[in-house]
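To keep things clear, I will list the structure first and then write my remarks on it.
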Amino acid sequence: MTLKLYMAQRISALIMAPLVLMHIAVMIYAIQGGLSAAEILGRTQGSILWFAFYGTFVVAVSIHAALGLRTVLSEWAGLRGTALNAVAWAVLALLLILGMQAVYGVTAT
Amino acid sequence: MPKEQQMSVSVWRGGAAGAYQSFDVKMEDNQTVLDVVAWIQQYADPTLSYRYACRVGMCGSCAMMVNGVPRWTCRTHVKKVLKDGHMEIGPLRNLPVIKDLATDMDSFFNKWVAAEGLHHPTQTRHDPIEAIDPASAARVEANAGIECINCSVCYAACDTVAGNPDYLGPAALQRAWSVYNDSKDSDKQAILDAVSGVGGCHNCHSQGSCAVHCPNELNPMNAIAGLKRETARNFFKRRT
Amino acid sequence: MIHGYRTHTLWIAFLLHRISGVALALFLPAHFWVLSYALNAPQKLDGFLHWAETPIVKFAEFGLVFLLSVHMLGGLRLMALEFLPWTSGQKTAAASAVAASTFLAGIFLLRAI
């Protein structure tokens, strides 16, 4: 892992720290009495704030997870060079697409 | 007269492919692991290969895996490691085995140079000797790592080295940190650049095995954290 | 394998950080996939949420909250070690991260059941 990747990993982590705390708080708040699509949408639909919150979260976590898996695959599966980078980019793209779809799904009107 | 006490010692024989061979060795009141290896070589099998020099914990050449843990064998008492009258002695981990207990330490030493863990002078021999304040913060940081004896115990203990052959490892990075904090060193940027590449300090996962096993009780993990801090600071500085 | 050179607190903290990270990364695609139904196919999402009411899933969710929390707190410990020249008490901090995460996940589970 080079300095650039390290900085991306740590900065995405620092951005996520408060978001994760908030996420855990929302989970603890919302889980009581069970969840429903209507309940989730009622909280998030049409909200710019929730869109910014989850949008930032998805971008940060996609970068963070892609870099993390890249390190694990390199150290524990012996993946190197082009193959390693290709997998990392693929993970980033997959998480970004699925994540943004989810953000759209809960915030769009 | 009481019967002689014996211990059974498994010793690695061969190169990368090989097997443990068992020897019965007489127990003494005061006996180090290196004494045991020397006894086997002198009295049981003269073809056993191993490496040592000073026998007093200064030269860093006798490190081996003892019961799966990297140790300096000349300062490790048998009574400390013997389990039910048995112990296992193998070549250091993370280094190619030449034969038996001797490893090829080239990659370990080459990485010291690759990490720029070498002196970049600020003055010539004709200049007066520079006064160094031993209490200055940078000197205290530099001093923290200078008792390293290059024994490679930390390198053998490190799982990040095991998973990434490019990784410079705890000893080389600790030396780079010492040199970086030396006021007599002129090329700090070269050090930061050298530890920022593919095998650089940023691979470290702070597992801390280096600090746990260092026979001189140094803490390479903290030195590496220092390098991460300085390279991160430098990362923003160079951009503005 | 847990060899002799690995049996210490910070190595175990590393393993926990890595396993929690991989587990969370593998969980994310499913998490995103299910939520993306919210707008276009809310009945599908509700079907899933109904399935998620079973005790075994609740317990798995407790595990996920724990993993998320312990990965965040463990990561903050690492970044403090790296950026805030802070070195003492690492073992205590690592243990505290586990304790706090168990507590948070416990609150979640108590409210979930």
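Placed from the backbone N, Cα and C atoms, the Cβ positions cover glycine too.
Long-range contacts of the transmembrane segment (C:12-39) within the same chain: residues 6, 45, 48, 64, 67-68, 70-71, 74-75, 77-78, 94, 97-98, each at least 6 residues beyond the stretch ends and with a Cβ under 8 Å from a Cβ of the stretch. Annotated transmembrane segment per TrEMBL: C:12-39 (among others), in sequence order.
Sequence annotations record features per position, and here TrEMBL assigns transmembrane segment to C:59-80 (among others). Beyond the ends of the transmembrane segment (C:59-80), by six or more residues, the same chain brings 13, 16-17, 20-21, 23-24, 27, 52, 86, 90, 93-94, 96-98, 100-102, 104-106, 108-109, 112 to within a C-beta distance below 8 angstroms of the stretch.
Secondary structure at C:H71 (heme binding site), as computed by DSSP, is helix. Long-range Cβ proximity for C:H71 (heme binding site), meaning a same-chain Cβ under 8 A and a gap of 6 or more residues, is found for C:H17, C:S20, C:G21, C:L24. Annotated heme binding site per TrEMBL: C:H71, in sequence order.
Taking Cβ pairs closer than 8 Å, the transmembrane segment (C:92-110) reaches residues 9-10, 12-13, 16, 58-59, 61-63, 65-66, 69-70, 73-74, 76-77, 80 in its own chain, all 6 or more past its ends. Annotation source TrEMBL lists transmembrane segment at C:92-110 (among others).
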